[in-house]
């Protein structure tokens with residue numbers, strides 16, 4: 001175990017695990033698996049996409065072989081438009097060919113899409129095999145890889161098909177961000193800003209104090225690890241309190257209700273998930289101002305920080321009636337009423353279940 005690694009415990013009653021953050025942790029994946037109880041002869045299916053595998057696939061496979069595991073590597077296409085049943089079939093076919101058993105393991109090596117699909121494939125193969133998440137994008141490191149949400153998209157909406165399936169381990173190696181495209185890095189910053197707004201004022205203010213948070217090359221390694229660690233810890237603490245999203249875990253959807261509408265109406269691929277969430281946060285911030293829940297100055301601070309991160313802050317050109325219709329397809333709608341997580345102050349939010357179409361129209365007219 002590398003003493004320089006940071007360990008965050010996700011202390012769930014039935015499925016506890018750790019988030020391990022540290023440089024060069026990819027090389028030690030075999031040792032980390034041994035530390036949590038896996039033994040030689042373990043059948044492992046590593047799922048990745050070509051771009052990520054070209055950089056890190058050999059390193060992972062060598063570490064697994066060194067620990068006397070039996071790995072197979074599956075390369076599939078990534079991208080939101082690939083997050084479908086056809087991709088799950090590819091993973092299941094590979095699991096069959098690798099003769100995976102219930103005690104076997106799938107490893108998701110990639111961004112949020114690879115993590116979501118591999119997690120869902122693991123949840124549904126043999127009614128559940130082990131999964132380990134090795135996120136290689138900033139967004140996946142601080143959000144998608146933690147908490148056990150897995151799934152794929154449906155033609156009617158994002159993530160409508162899925163399951164809760166907690167990983168056995170989340171392994172985060174910040175050096176993988178070096179090969180991450182600039183736009184993807186900025187998209188990940190949206191989720192980090194989200195954590196600042198929903199639960200961590202100190203993180204929000206830390207980001208405000210930085211001269212540049214939109215370019216990885218201008219962020220010192222110590223700061224990068226700190227913001228990843230704080231964000232991952234925020235996510236873990238919420239998941240511990242509410243594993244299956246029956247209460248406070250809904251706070252993690254801040255900005256996502258409007259964000260999913262943007263992705264759905266604009267078509268998956270037009271905007272990255274983090275970009276859509278950024279615009280969604282600005283929109284719901286305006287909704288909160290309308291309701292008198294938080295001060296306009298806080299909404300402006302949020303928008304400035306989003307723009308500082310190089311993220312879009314202006315609402316896209318969408319028909320308001322189309323937005324209202326799309327909102328009705330949200331998973332969190334109850335009795336026809338749309339729920340929104342809204343800020344009370346920076347570092348504190350609350351879920352509201354009684355938002356009328358009139359209020360939403362007024363908000364969208366204001367920001368359009």
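In case you wondered, yes, glycine gets a Cβ from its N, Cα and C as well.
Here the structure is a predicted model, which means the values were calculated and not measured.
Record features (Swiss-Prot):
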- 112, 113, 114, 115, 116, 136, 137, 149, 158, 176, 177, 178, 179: NAD(+) binding site (BINDING)
- 191, 256, 273: Zn(2+) binding site (BINDING)
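Residue annotation for NAD(+) gives 112, 113, 114, 115, 116, 136, 137, 149, 158, 176, 177, 178, 179. The furthest Cα pair among them is separated by 29 Å. The C-beta environment of residue 137 (NAD(+) binding site), restricted to residues of the same chain at least 6 apart in sequence and closer than 8 Å, consists of 110, 111, 112, 177, 180, 184, 185, 187, 188. There are 13 other CB atoms within 10 A of the CB of residue 179 (NAD(+) binding site), with all protein chains counted. The shortest Cα-Cα distance from residue 273 (Zn(2+) binding site) to any of the binding-site residues (114, 116, 158, 179) is found for 158. Annotation for residue 114 (NAD(+) binding site): same-chain Cβ neighbours under 8 Å, separated by at least 6 residues, are 47, 48, 49, 52, 76, 78, 108. Within the same chain, the residues at least 6 positions away from residue 116 (NAD(+) binding site) whose Cβ sits under 8 Å from its Cβ are 83, 144, 149, 150, 151, 152, 159, 162, listed in sequence order. Residue 158 (NAD(+) binding site) carries a strand DSSP state (E or B).
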